[in-house]
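A short write-up of the structure that comes next.
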């Protein structure tokens, strides 16, 4: 598979499901989600469905769900401003026109005296020609601004992120990483049903063509009873024994269809971590029973997450090199190598990346989901939110740190792969 296509599919899928988690839980809480984006930077493609604009953007370095109230609303109408009003059938203000009012001849033009689009949803002002009469108008809960011809939905306070309970906000933020774990689990379950899941029985799985096991006459399904007189109780025992005997003759006792026989095998010597180990060309045994696949996939997600956390611990404790990290360039290169091994291996790689993305996003670093969750947990304990200015400063520092880290990691990837 072409590396570019594979990378786009994997990246797009992981980001899509991550952001989908945020979107689903935010919408369930009643939060207005203005945009669902894959990528950053200029828009390549967009469409609107119900309240949300769905976009694909140029830079493949993440995605976002823009929830009303997370940032201060960019449009502010003050007393003295002149706006145009369009009404719905219930005689409520449906659209507030900020400029180019002449393009809307049906609009009622007023000079604003008072406006509350958070709670009361009401605007009052003076009509042209009736400057002595102050008139008030109710604003629809689903009203819009129109600025430069673009409609922007107004978010009453009860549709804003900050109006929701701490628990609702925690669910909206945590749902992204959780969705990554769910996606990884679903991929692994699918792979389990397609190709089976590895079990630790001393039985030969699929044999590689022209491998030493096949050349010696061994067959898939052969039960390994002993090697050089040592009893084999598990596949792990078989692998460890084979690795200790590169280019050495082994007497392998097998049970095939209830009959025992001895076969001589000479494992091939291969380099691993600077030394020779033996390999005889057999995959581990597999099963694809329903319960086995379901349980084994969950175990794989947990063990993979544990391995990633162990590596993160090494970073924190200083047992660390930049080669342990990979940015977009490094992931792109790995995707190309994995793609050469086929679609199933690529799916397994996608599951690993999805777990990785979920864990990294849960790190308590400002600008990541984990940092935002930390602020929310502090709010839950204190009983009141952290000062927005202080939070914004900490988030800015977090963003700067992540951008610097990404630049360093990307440059290291470029040096390692191309220079």
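Even glycines carry a Cβ here, placed using N, Cα and C.
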Under TrEMBL, which of the candidate ranges 343-363, 364-384 is annotated transmembrane segment?
343-363
TrEMBL lists transmembrane segment for one of the ranges 149-171, 172-194, 195-217, 218-240; which is that range?
172-194
Please find, within the list 312-331, 392-411, the residue stretch that TrEMBL describes as transmembrane segment.
392-411
For the transmembrane segment (392-411), give me same-chain residues lying six or more residues beyond its boundaries with a C-beta closer than 8 angstroms to one of its C-beta atoms, as numbers and ranges.
61, 322, 325-330, 365-368, 371
Same chain only, please: residues at least 6 beyond the ends of the transmembrane segment (343-363) with a C-beta under 8 Å from a C-beta of the stretch. Say none if there are none.
1, 6, 10, 13-14, 17-18, 174, 176-181, 183-184, 187-188, 190-191, 194-195, 301, 304-305, 308-309, 312, 331, 334-335, 369-371, 373
The domain 'PDZ' (189-258): mean pLDDT?
93
